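Features reported for this protein in TrEMBL:
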- 15-35: transmembrane segment (TRANSMEM)
- 51-92: region 'Disordered' (REGION)
- 64-74: compositional bias 'Low complexity' (COMPBIAS)
- 82-92: compositional bias 'Polar residues' (COMPBIAS)
- 148-271: domain 'SGNH hydrolase-type esterase' (DOMAIN)
- 292-302: compositional bias 'Polar residues' (COMPBIAS)
- 292-330: region 'Disordered' (REGION)
- 312-324: compositional bias 'Low complexity' (COMPBIAS)
Amino acid sequence: MAHKTKRKRPDSGRFLNILILIIVVLIVFEGRLLINMFSKEGVKKQLENQLNEALEGAEEETEAPQTETSAQTEPPTERQTEAPQTVSSALVPKQSTPVDDSYFSDAVFIGDSRVEGFRAQSGITTGTFLTGVGMDVETIGTKPFIATENGMVTVYDALQTAPYSKVYIMLGTNELGFYDFNEFEKQYKSVLETIQLIQPNAIIYVMDVIYVEEALVTTGDYVNNDNVREINKHILNICEENGYYFLDLNEIFDDGSGSLLPGASIDGVHLYDRYCQMWLDYLRDHYVSFGSDTDSESTQGTDAPEEGQNDTSQETGTTEESQTNSDTSA
């Protein structure tokens, strides 16, 4: 009997496996496409967000420097507003060449006990001194402060005995308790006008009131540096409005906080020798120059002073009433 060969049946299992594999591959491929698509969208969105944030940050940084720049620009504007602090036309500038004492040979010094202390302790060798303890704008023309051969006379009377080219005057310390500084200004202006009438050819130097050391002052709480500053404003105003020359002695006596240099005074008002010498040095290099006339004055030798004009012993009061007096009244 003949042997029959069996026909092989198709391998459906292999086909199924291949089909499954194809499906899996397609799923994986499509999945990756989807993932990539969504990933790209996410990355794109993230990049856009980052770009927007960067742009916003750049704008803020751009605005910030402008704000900082404007903030930095404003203070200079303020300083530029403050910088042009006008120097008073009445203020006597410092000169490059100091004068010697011959410059004061035709000068008269008028004032209270502070000026008397200057005469006695600065070492000045020339000049006439008309001083008095307690002298002020009210008593200068009425009280006989000045001792002469014919008796005691007022400052105005003494001024008429000789011509002077320069007048140095300091008043105001005894007026620190003045009830009305505006009234003081009027009276001081009147005093200077009277002096100018008596000495029409004289340069008038008006010295400011020197600061005090408040802790040492015993005469009253009105003797304080706030009042000194206030009264000096009025003195400067007189000079500016009337053509007098203002000498700011506090340029050298200010301790940096608006007070007298510590240790400069025994009683807070009257100065020790060393500081009177500083005062003289200040006057030597603070003067007004009018060309050759003043230049020639500053280069003159120390000729002997003329009688009645340069005698430094011509002043008022006794030596007990000067710097060493325990009374701080000026």
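Glycine residues also receive a Cβ, built from the backbone N, Cα and C atoms like all the rest.
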Confidence summary (mean pLDDT) of the domain 'SGNH hydrolase-type esterase' (148-271): 97
Residue distribution over DSSP helix, strand and coil in the domain 'SGNH hydrolase-type esterase' (148-271): 51 helix, 21 strand, 52 coil
